[in-house]
Amino acid sequence: MEPAGAGAEAGAEAPQGAAAAASPPRRRLLAQLRAKLCTWHILKTILLGQMLSLFICGTAVTSQYLAEQYQVNTPMLQSFINYFLLLLVYTTILAFRTDGDSLLQILKQRWWKYLFLGLADVEANYTIVKAYQYTTLTSVQLLDCFGIPVLMALSWFILRARYRLIHFIAVAVCLLGVGTMVGADILAGRQDSEGSDVVIGDVLVLLGASLYAISNVSEEYIVKNLSRVEFLGMVGLFGTIISGLQLAIVEHRDIMRIQWNWKIALLFAVFALCMFGLYSFMPVVIKVTSATSVNLGILTADLYSLFFGLFLFYYKFSGLYILSFVIIMVGFVLYCSTPTRTAEPTAVPQLRSTGLDNAGLKLEENDSQTPAVTVQFTREESVVVSTD
């Protein structure tokens, strides 16, 4: 018979053994999550994405400062300066290129494709800025996210990208973060006006988001299959032509009314440098990740603009801004944790003439292997059969 103390010790050791048995799977799960999420690839993607967000933040802050402090509203002029810088740098590189396709060869082979790409990129920038005159900030922030599902759909059909369940969950989490940010704007009282025509403004936002999606998918295809310099050089060339023509038509009066001084010139220069940096580095990030991943990462650009606005434009702070930033980053990390796969094109079987020729040869071979039969009659009328 066991003593009472031994039974108590056995009872005390049982829970400890169960806890020890349960801890290895938990530690193993944590180790797997750490190995999957805490990688150099994800860290690099986050840093590159936030660098792009800061460039966008710089363009937004300088544009708002020009509009509020100096009453300068010339989005097409600002875009023209950016495209002209791309033309000076990257189109010039294409013109003097010795290896690969030169500028003339590219124009001969696919000029019309880059014409449509330049038109989509210029009008995407213009329609989004123009929408602010008709609708509210909330509508622009929410409807601008329409570009993400459009981008995923275009990537599915054009780039043959195939998504997993985790990618759709990650996109939903990012959109939840955007909704949190919009709620923080409403609580902070940033909705100053209701817009002159909300329907027109909303349509412009949806159109601009779709054009951005087309531009980004085209950019990913060109960067991964051709070259970054070709994309930037062609966008710079056709973007300069299209924005220059549109500038002369719709903004020539606004430009004449600008009272130039060194502060306005400095704001234009900062905007141009931020936009040039955005266009120059976005292909690098897209080549490492994808266009969808980049668009999820730059959702934080509005939050950076809000943080700068706390000091420059005296916005009211809300703790929901921090929460929305965390939610967007969680969704972004989830999306980057699992790479998408590319579907292989299905090969259509073709009937070739060589198959019929081989069949004929096979028949001839079988005929040659068949033994020959010879029938002979003798005088005694008996039949003799021989095979060769």
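Every residue, even glycine, has its Cβ placed from backbone N, Cα and C.
Marked as region 'Disordered' by TrEMBL: 1-20.
Sequence-remote contacts of a segment are chain residues at least 6 beyond its ends whose Cβ falls under 8 Å from one of its Cβ atoms, and for the transmembrane segment (37-61) they are 78, 270-271, 273-275, 277-278, 281-282, 284-285, 288-289, 293-294, 296-298, 300-302, 304-305, 308-309, 312, 329, 332-333, 336-337. Annotated transmembrane segment per TrEMBL: 37-61 (among others), in sequence order.
Among the features that TrEMBL reports, transmembrane segment is placed at 81-99 (among others).
What TrEMBL records for 140-159 (among others) is transmembrane segment. For the transmembrane segment (140-159), the list of distant contacts is 128, 131-132, 171, 174-175, 178-179, 181-182, 185, 201-202, 205-206, 208-210, 212-214, 216-217, 220-221, 290-292, 295-296, 299, 302, 342: same-chain residues at least six beyond its ends, Cβ to Cβ under 8 Å.
Cβ atoms under 8 Å from those of the transmembrane segment (166-187) belong to residues 137-138, 141-142, 145, 148-149, 152, 296, 299, 302-303, 306, 318, 320-321, 323-332, 334-335, 337-338, 340 of the same chain, restricted to positions at least 6 beyond its ends. Residues or ranges marked as transmembrane segment in TrEMBL: 166-187 (among others).
Taken from TrEMBL, the feature transmembrane segment applies to 199-217 (among others).
Annotated transmembrane segment per TrEMBL: 229-250 (among others), in sequence order. Counting same-chain residues at least six beyond the ends of the transmembrane segment (229-250), those with a Cβ under 8 angstroms from any Cβ of the stretch are 76-77, 79-80, 82-91, 93-94, 97, 101, 103, 106, 114-115, 117-119, 121-122, 126, 219, 222-223, 279-280, 283.
Look at TrEMBL and you will find 262-282 (among others) tagged as transmembrane segment.
When Cβ-Cβ distances below 8 Å are used as the criterion, the transmembrane segment (294-314) is approached by residues 45-46, 48-50, 52-54, 56-57, 60-61, 64-65, 68, 141, 145, 147-148, 151, 170-171, 174, 177-178, 181, 185, 216, 282, 285-286, 321, 324-325, 328-329, 331-332, 335 of the same chain, each at least six residues removed from its ends. Under the heading transmembrane segment, TrEMBL lists 294-314 (among others).
According to TrEMBL, the feature transmembrane segment maps to 320-337 (among others). Sequence-distant contacts of the transmembrane segment (320-337), counting only residues of its own chain at least 6 positions beyond either end whose CB sits under 8 Å from a CB of the stretch, comprise 36-37, 41-42, 45-46, 49, 166-167, 169-178, 180-181, 183-184, 187, 289, 292-293, 296-297, 299-300, 303, 306-307.
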Query raised in the report: Other than its close neighbours in sequence, what residues sit by the transmembrane segment (262-282), given a CB gap under 8 Å and a spacing of at least six beyond its ends?
Result: 48, 51-52, 55-56, 58-59, 62-63, 65-66, 70, 72, 78-79, 81-82, 85-86, 219, 232, 235, 294
